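S.K.: Below you will find the structure I want to go over with you.
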């Protein structure tokens, strides 16, 4: 493919993408395929001679699209949103064209410097404490990670290195292995599974702190666990507080647990993967109060801020905590500016070496929507979730399971878990809308998350009518 054909095919691809997005409402949100459907539809080996672009596009529609779960359908209410916008798509095209691997300033100065500026833009939108920003006189800064899972792991590994160095400085006879077996990290029992995975990868004990009646971590439960573990000779060193849990969008109490972590010299990492986007709205900023106690903070613009995956924003108060844990300087990666104090080499802030020009997406989206446009988008989703909540509350057969704060509604039929499992099975088998469940204590609960950029009140109303019809069928079957 030469440049001339690329221009032509590029226009065709943009048309295909635009048609897909405009017509997505007409596609069944969840596919009809079974596991293994795709292999019989494509050759067993790559072609020896080139295929045509027309053949490939035809196969996309015939082979790929039938197996796609349409996350951007206005009838997709599962998981949490994944962001999608035309400005971000355009930026991704440009990112692919530039094709740099921005592991250092020298590898691509623009890639590095735009990321630094965009992370400061975003930090200011959130009104983060200045300690997290990449200001000349400060020690903090921001970096784009691939996911919140990655950010949690990076924070845990940095905290682990920091505590080992601190203890060995005080007691040089201590080995790393001796320290490691005593380290213990904490999170709420509502924290995302990626926190547990970070503990497994980091080789440290992770303990779940029981949450309160609102599914939030509180000071008393944390303090009790710390005292018990210290008495047993363990070394508390790391804690993850969640703002907007995956199960029910509950919020750990940072104003309570933050001071405890600071007093006990425990690294506090705040995971706001979903909810963080809402903090750009003044009416939701109070949910972030207490972040001043954190050592690191993370949320995903690729969830709810119209920046396509992957783009997970992470800030630290002391960037040397990351670079001290991950810095390696082989000769082939060195450059003349690396010790100048004027530049950032992001390879020292992350687990991989390579990194894409992800800040382009942020730059395009922030400029083409503006802060006001992004705020309006968040507010619309929250309004739609409250609309759905109101519909549920009007039906005496159903109950709301936890306070609706942002764009997630947790609800269920009053009664047994069995009847709710049957309802969810009917909903997802019908494939008109898509939901996923969670467990809140011993209750099986349905999650209704406002996800699509194009979802409107009419889609929420239709979804509720559909749920009510299926609920009537389930209750009728139970009586029979």
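Each Cβ is built from the backbone N, Cα and C atoms, and glycine gets one as well.
Sharing the feature lines straight out of Swiss-Prot:
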MOD_RES   1  N-acetylmethionine
REPEAT    58-115  repeat '1'
REGION    58-178  region '2 X approximate tandem repeats'
BINDING   82, 192  substrate binding site
REPEAT    118-178  repeat '2'
BINDING   148, 149, 246, 300  pyridoxal 5'-phosphate binding site
MOD_RES   303  N6-(pyridoxal phosphate)lysine
S.K.: Mind computing the max CA-CA distance among 148, 149, 246, 300, which the record assigns to pyridoxal 5'-phosphate binding, rounded to whole Å?
M.R.: 13
S.K.: Among all chains shown, work out which of the binding-site residues 82, 149, 246, 300 has the most CB atoms within 10 A of its CB.
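M.R.: Max Cβ neighbours within 10 Å, all protein chains included: 300.
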S.K.: Around the C-beta of residue 192 (substrate binding site), how many further C-beta atoms are within 10 angstroms, looking at every protein chain?
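M.R.: Within a 10 Å radius of the Cβ of residue 192 (substrate binding site) lie 21 other Cβ atoms.
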S.K.: I'd like to know which of the recorded positions 1, 148 has the most other Cβ atoms within 10 Å of its Cβ.
M.R.: 148
S.K.: Determine how many residues of the repeat '2' (118-178) DSSP places in helix, in strand and in coil.
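M.R.: Split by secondary structure, the repeat '2' (118-178) comes out as 37 helix, 5 strand, 19 coil.
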S.K.: DSSP-wise, what's the residue breakdown of the repeat '1' (58-115) into helix, strand and coil?
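M.R.: DSSP composition of the repeat '1' (58-115): 30 helix, 1 strand, 27 coil.
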S.K.: Fill in the CA-CA distance, residue 300 (pyridoxal 5'-phosphate binding site) to residue 1 (N-acetylmethionine), as an integer in Å.
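M.R.: Cα-Cα distance, residue 300 (pyridoxal 5'-phosphate binding site) to residue 1 (N-acetylmethionine): 36 Å.
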S.K.: Neighbours of the pyridoxal 5'-phosphate site 148, 149, 246, 300: Cβ within 8 Å of the Cβ centroid, same chain, sequence order.
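M.R.: Same chain, not in 148, 149, 246, 300, Cβ within 8 Å: 147, 151, 152, 192, 194, 271, 273, 274, 298, 303, 312.
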S.K.: Might you list, by sequence position, any residue in that chain lying six or more from the residue listed as 'N6-(pyridoxal phosphate)lysine' with a Cβ less than 8 Å away from its Cβ?
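M.R.: Result: 80, 81, 82, 83, 273, 274, 277.
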S.K.: Measure from the CA atom of residue 246 (pyridoxal 5'-phosphate binding site) to the CA atom of residue 192 (substrate binding site) and give the result in Å, rounded to a whole number.
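M.R.: So the alpha carbons of residue 192 (substrate binding site) and residue 246 (pyridoxal 5'-phosphate binding site) sit roughly 6 Å from each other.
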